[in-house]
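S.K.: Quick one: this structure, given as structure tokens, is what I'll be asking you about.
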Amino acid sequence: MGTFCSVVKFENLQELKRLCHWGPIIALGVIAICSAMAMIDSVLWYWPLHTTGGSVNFIMLINWTVMILYNYFNAMFVGPGFVPLGWKPENSQDSVYLQYCKVCQAYKAPRSHHCRKCNRCVMKMDHHCPWINNCCGYQNHASFTLFLLLAPLGCIHAAFIFVMTMYTQLYNRLSFGWNTVKIDMSAARRDPLPIIPFGLAAFAATLFALGLALGTTIAVGMLFFIQMKIILRNKTSIESWIEEKAKDRIQYYQLDEVFVFPYDMGSRWKNFKQVFTWSGVPEGDGLDWPIREGCHQYSLTIEQLKQKADKRVRSVRYKVIEDYSGTCCPLNRGIKTFFTSPCTEEPRIRLQKGEFILATRGLRYWLYGDKILDDSVLEGVSRIRGWFPRNCVEKCPCDAETDQAPEGEKKNR
């Protein structure tokens with residue numbers, strides 16, 4: 001626990017505001033309900049503390065809760081690690097291999113990406129997780145993955161307690177008739193009688209907690225296997241997408257080149273050790289990374305620059321012909337536009353008649369692009385980009401001649 005205490009200090013207490021979000025509220029609520037009900041069921045109705053097995057079981061339940069909460073808060077409050085504001089590579093000549101972030105006023109270090117929610121460039125960013133209200137990245141990847149492992153294991157233990165409690169409490173209350181089965185919930189037929197009878201309210205609460213435990217085991221368990229796949233390959237979700245686009249770019253232009261992902265060390269054990277260490281602190285500093293033979297530190301960033309240049313070539317300029325409020329599912333834009341709204345966390349952008357948009361990808365009834373801002377407004381302002389209805393814009397005449405479809409548009413028609 002030394003890592004947690006050394007990073008989360010008094011001056012970082014402003015991070016407590018991360019708890020004021022629907023994700024942590026739901027996550028902590030599920031943990032509290034499952035833990036509390038498992039302990040109550042064990043002590044009162046299933047495995048009393050005066051028995052050896054009951055004591056061991058109770059200690060294990062407390063242990064699960066402590067370890068789950070420790071790794072959860074570690075992932076939330078320690079965070080992924082952010083690229084320092086104004087960061088530049090040690091060798092100024094290397095800046096040509098890096099993208100520049102206008103919001104952070106810094107170059108994007110290898111493997112880092114800008115998060116719109118955190119409003120910072122994140123080291124080795126995998127994704128922004130709403131359940132911890134923070135990004136998963138370089139510093140908290142191990143804690144986040146351990147939380148994904150411990151939560152299902154603890155829920156499996158709790159689910160066992162719930163099932164056995166309901167079974168033992170209901171078994172002697174069942175009465176079978178010729179055509180009916182009745183359950184007497186008035187009192188327990190057990191000697192000695194429990195301090196609090198297992199009534200209808202207790203049964204409903206236990207059944208509800210069982211549903212939460214089983215749902216958490218399945219959902220969070222799947223996320224754990226996804227994260228382990230990422231760790232063993234040393235390739236984040238974003239980097240997998242970059243690699244896929246690299247192959248598409250090479251195939252589209254029929255180039256005589258091969259993209260090799262530079263951070264997979266060729267050994268799952270070596271990849272694993274970069275995230276999980278005995279000290280609890282991941283290897284490296286989050287800015288410079290070990291690379292495989294035949295690659296160099298900027299192999300991935302150079303590919304990103306190529307993809308960015310290719311996206312600019314493929315982008316299409318549109319003019320806004322009708323205002324759009326930026327709502328997720330606009331009813332006034334037509335029934336098809338309403339029902340085909342993109343299912344993504346990416347934002348919608350407000351449009352005003354006369355503005356210009358540079359579209360980079362699209363669906364049949366929606367487009368995604370950047371607003372073209374004036375030079376007087378552009379400096380110091382982050383890019384305004386997102387989804388908008390296709391029927392709010394028209395293609396500019398100069399781009400209509402090329403008839404170049406935005407990326408992804410043909411595939412989604």
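Any Cβ shown, glycine's included, is placed from N, Cα and C.
Pulled from Swiss-Prot, these are the listed features:
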- 1-24: topological domain 'Cytoplasmic' (TOPO_DOM)
- 25-45: transmembrane segment (TRANSMEM)
- 46-57: topological domain 'Lumenal' (TOPO_DOM)
- 58-78: transmembrane segment (TRANSMEM)
- 79-143: topological domain 'Cytoplasmic' (TOPO_DOM)
- 99-149: domain 'DHHC' (DOMAIN)
- CYS129: active site, S-palmitoyl cysteine intermediate (ACT_SITE)
- 144-164: transmembrane segment (TRANSMEM)
- 165-194: topological domain 'Lumenal' (TOPO_DOM)
- 195-215: transmembrane segment (TRANSMEM)
- 216-413: topological domain 'Cytoplasmic' (TOPO_DOM)
- 313-398: domain 'SH3' (DOMAIN)
- CYS328: S-palmitoyl cysteine (LIPID)
- CYS329: S-palmitoyl cysteine (LIPID)
- CYS343: S-palmitoyl cysteine (LIPID)
- 410-413: motif 'Di-lysine motif' (MOTIF)
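Can you tell me where each of these features sits in this structure?
M.R.: Below 8 angstroms of C-beta separation, residues 19, 54, 57-58, 61-62, 64-65, 68-69, 72, 131-132, 151, 154-155, 157-158, 161-162, 165, 168-169, 194-196, 198, 202, 205-206, 208-209, 212-213, 216 of the same chain, each at least six residues beyond the ends of the transmembrane segment (25-45), sit close to that stretch.
Using a Cβ-Cβ cut-off under 8 Å and counting only residues 6 or more beyond its ends in the same chain, the topological domain 'Lumenal' (46-57) has close neighbours at 161, 164-165, 168.
Residues 1, 3-4, 7-8, 12, 15, 18-19, 24, 27-28, 31, 35, 38-39, 42-43, 47, 49, 132-134, 136, 139-140, 143-144, 146-147, 150-151, 153-154, 157-158, 161 of the same chain lie 6 or more positions beyond the ends of the transmembrane segment (58-78) yet place their CB under 8 Å from a CB of it.
Mean model confidence of the topological domain 'Cytoplasmic' (79-143) amounts to 95 (pLDDT, 0 to 100 scale).
In this view, CYS129 (active site, S-palmitoyl cysteine intermediate) is surrounded by 19 other Cβ atoms within 10 Å of its Cβ, with every protein chain counted.
Residues in the domain 'SH3' (313-398) partition by DSSP class (helix H, G, I; strand E, B; coil) as 19 helix, 29 strand, 38 coil.
All protein chains considered, the CB of CYS329 (S-palmitoyl cysteine) has 11 other CB atoms within 10 Å.
The 10 Å shell around the Cβ of CYS343 (S-palmitoyl cysteine) contains 5 further Cβ atoms across the protein chains shown.
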S.K.: Please report the Cα separation of CYS129 (active site, S-palmitoyl cysteine intermediate) and CYS343 (S-palmitoyl cysteine) in Å, rounded to an integer.
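M.R.: Cα-Cα, rounded: 16 Å.
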S.K.: Under 8 Å Cβ to Cβ from CYS328 (S-palmitoyl cysteine), same chain, six or more residues apart: give me those in sequence order, or none if nothing qualifies.
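M.R.: Once residues fewer than 6 apart are set aside, CYS328 (S-palmitoyl cysteine) is near SER341, ARG348.
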S.K.: Roughly how many angstrom lie between the C-alpha atoms of CYS343 (S-palmitoyl cysteine) and CYS329 (S-palmitoyl cysteine)?
M.R.: 10
S.K.: Three states by DSSP: which one describes CYS129 (active site, S-palmitoyl cysteine intermediate)?
M.R.: strand
